[in-house]
Every structure is written in structure tokens, then in C-alpha cells.
């Protein structure tokens, strides 16, 4: 009886850790992504007319897609690997090893950052030439302006991973907000001065906007270093507090870090590789199969991979946040060989993702019209692209969480094989779908390939942990039902308001969004409480909230 009571208490503690960690990481990530989406409103207005602004936005993202790949290569999955290793060694009280891991990882990140930055600088002309870009020389300038950020972000990321390994998520969340806030201040200030005050070129404004990534990373890293001195981590533990039962050489430590990191790098570059596949194939396919000009190809690509992508990244951040919070928790349970709690926590992680991502995806799809108008301008094409893109967000969020769960329980090889097969499938489908459906073809191939990857990952998780799929399916169906009702209410609300406030105007779109989102949140919250989903998935404390609100 005592053992069962202790086990229940431990499971509740683990669930609380997961929810608190996910909340902090979601808060930091969502606020960061929201700021990253909101800045586009003044940025495009100050850049020039609609055509100039769209071209500038496409040029901006032509730099960011390869940057995402080189950033993944520079960090090499180290932050997630560090988080997993630190959590493991802290669980067995080997604090001296945790210290050594952080110190060696910082050194390793400094080297990989320099290498990745150098490669990106050298290959910038080749990357620009393969992109849907009207000017290769402009693409080179923008890509190279992102190189300095690669020198700082790897070291910043490993510090985040070290803190996350202690289940300390708040500093990472705050650092994300600081990084984004300072980046946007520098970006908007540069664009306003160059375009509105000095009448400078679009290229200069865009290249300084991308250089802002370095400014944001620098401020974020400085904040993390301050927090590192304040927090109670392995760095503050004396050698006497460490068990000292394990001895690992420096070379073995670096080897272990790299071995742990390799699956994470494959996971982290999976989405970047899919985006690069689109970037390098879209223009050639469209040139052969459509009558669009080079500028029209760049603009249509920009609507998908710049405009709509910026909006759905807010949704994807939920998956990334839950994955980040779950890694140290699952690693700790694996180290303690508590497989019963491990199975339950994996189920909770997936349910928590579904509880958050499904209504977010449904809501964005229903409100895509006023949302796109608010951030950019009214566009039926932009609206439909955003609606299809929400499905991309769903499969990417699933991919992110499920792949990290598999890695945390040390199921590695199938992750890599499945991802490679999925990417090859996308490549095989790319020409027929893009030539037939244009921009939508890119999105459809991504949805098909990553949906299959996620399905296989779920099967693998069930195979290795004996996950209760019946419970998972049952609760997911309830979440889908609640989401469907919410979408119906939001859709009717948006349609009715649209009759009074036509969403072609930004202010009207804002009014429709605020009222419809509020209606949707209240509706979904009521249904989640009514169905007892909140108290079963998040915390039993929601039972008292439900009773106080007199929801039976």
C-alpha cells in the first residue's frame, strides 16, 4: 500500500513537472513566435508598397531557410542531448560528470558554430542560386548577414539545454522572449531608418533585418549566463556531493555527447530539410510547368514559406515546447527504470499535445481569412494557403514530440530510417504534386510524408512501451469532438461578424479575431471541463475549478 501511495505521489510529481515545464516553454515559445509574427505588420508597411513588401519578405526567408539547416548543424542536437544527459547524471547524483558535460559542450559548440558559419558564408552563392529568388547577388548578401548569429547561438543553446536538464524551464522561456524582443527592436528600428528616413534600398533593410538574429542571440546568451550563476545547478555542487562511482575521460565524454546528439540533429534538421527541398525544387518545377514569371514564383513561394509559415510556427511551438519539457523527465524515469511511470507519462505527453494543438489548428484554419488580413493584407490565395498550412503545423508538431519521445527512451535507429524514408517519399511526390497544384503541392507532400512518419513513430512507441492506445484514442476522439464544436461556434461567430465588419480591412479583421477567439476559448474551455479532460490530462485541480463554475 505504501509503495503504491509513493508511486502515485511520484506520478503526480512527474505530471506536475511536465505540465509546469510545458507551460513555461510554451509561454516563452508562443510569446516569442507571436512577437515574431506581429512585427511583420509594421515591417511590411515601412518596406514599401504591397509588391515591394512581399518581395522583401520572400528575400528575407530565402536567407532563413538555409540558415535553419546550418543552425541545426551548428547546434548538432547538442542542447537536447545535454538536457537528457544532465538529467540522467543528476538523477544518479554524479554532479561532477554533469559539470564536465557542460564545459566540454560549450567548447564543442564554439567550434561547430565557427565551422557552420564558415560553410554558410562560402556556399551562400550556391544556396542563393538554387532558391526562388529574382536576384542571386541579393540572396548572397542576405544569407551571409546571418553568419554572425551562428557564432553565438550554439553556445547559448547548450546553456539552455543545461538548465533544462535540471527541470528549470523558466530561464529558457524568458531568454526566448528576450532574444525575440531585442531582435525585433533592432530589426524594426533598422527598417524604419533605412526605408522611411533615409530612403535606402530594400536589400540593406532586409540584410540588417536578418543580422538582427545575432543581436537577439547575444542579449539572450548574456541573460542565461547571469541565470546560470543564480540557479542551483550541478555547477554549484561541491565534489564531495557527487557519488563518484563513475569515471569518464574527456575524450569519452565528448564521444558520448556526440553520440547522444546525433539522433537529435537528424530530428532537428528533418523539418529544415523538408523546407529546403521546397526551396530548391519549387522554382524549377514551376518554371517548367507554369507560365509564371520569376517574380511571381518568388512571391507565391513567399506567401507559403514566409507569410503562412510565420503564422503556423506559433502552432508548431506548442509541440516543440512539450518535447523540450518531456526530454529530461523521460530520461530521469528511464535512468530510474520506472517503466510504469514512463508509459503513463508518454501517454500524458501525447494527450497534452492533442489537447493544445488540435483546437489551435482548427481555430487558425477557421479564422485564416481575418488573420491573414491583419498580419499582411486581404488575400483569398493567402487565406487558403494558411488553411492548408495548419495541417502542416499539426503533422510537424506530432513529428517533433513523438521523435523526441523515442529518443528519450533510447529508440534511435528507427527514428532515422523512418525520417529518411519520409523525406524520400516527399521528394518523389514533389514534381507531380507541385506541377499539378503549385504552392499547395508543396504543402500536400509535406502533410503526406510527415503524417506517415508520425504514424510509424506512434507504432514504435507502442511497441517499446506497451502504450495504452485505447485510452489514447478515446481521449483524442473526445478532444476532436470538443474541437469540432468549437470550430463550428467560431465559424458562425466570424461569419456573422463579417457581415457587419468586412474583413478586407485590418481594423475589421482585428475586431472579428478578438471576438471570435474569445468565443472559441470560452467554448473549448467549457467543453474540456465538461468532459473532464482538463482534470484527467493536466491536473486533478481542475475538478475544483469545474465545481466552482458549476459545470456538471
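Cβ coordinates are placed from backbone N, Cα and C, and glycine is handled just like the others.
Keep in mind that TrEMBL annotations are predicted by a computer and have not been checked by a curator.
What TrEMBL records for 21-46, 66-84, 105-124, 136-156, 206-226, 257-277, 311-331, 352-375, 381-402, 414-433, 439-460, 472-497 (among others) is transmembrane segment.
Between the transmembrane segment (257-277) and the stretches 105-124, 352-375, 414-433, the greatest number of Cβ pairs separated by less than 8 Å involves 414-433. The transmembrane segment (439-460) makes contact with the transmembrane segment (414-433), as judged by at least three Cβ pairs under 8 Å among residues 6 or more apart in sequence. At the 8 Å Cβ threshold, with sequence separation of at least 6, the transmembrane segment (472-497) lacks contact with the transmembrane segment (136-156), having fewer than 3 such pairs.
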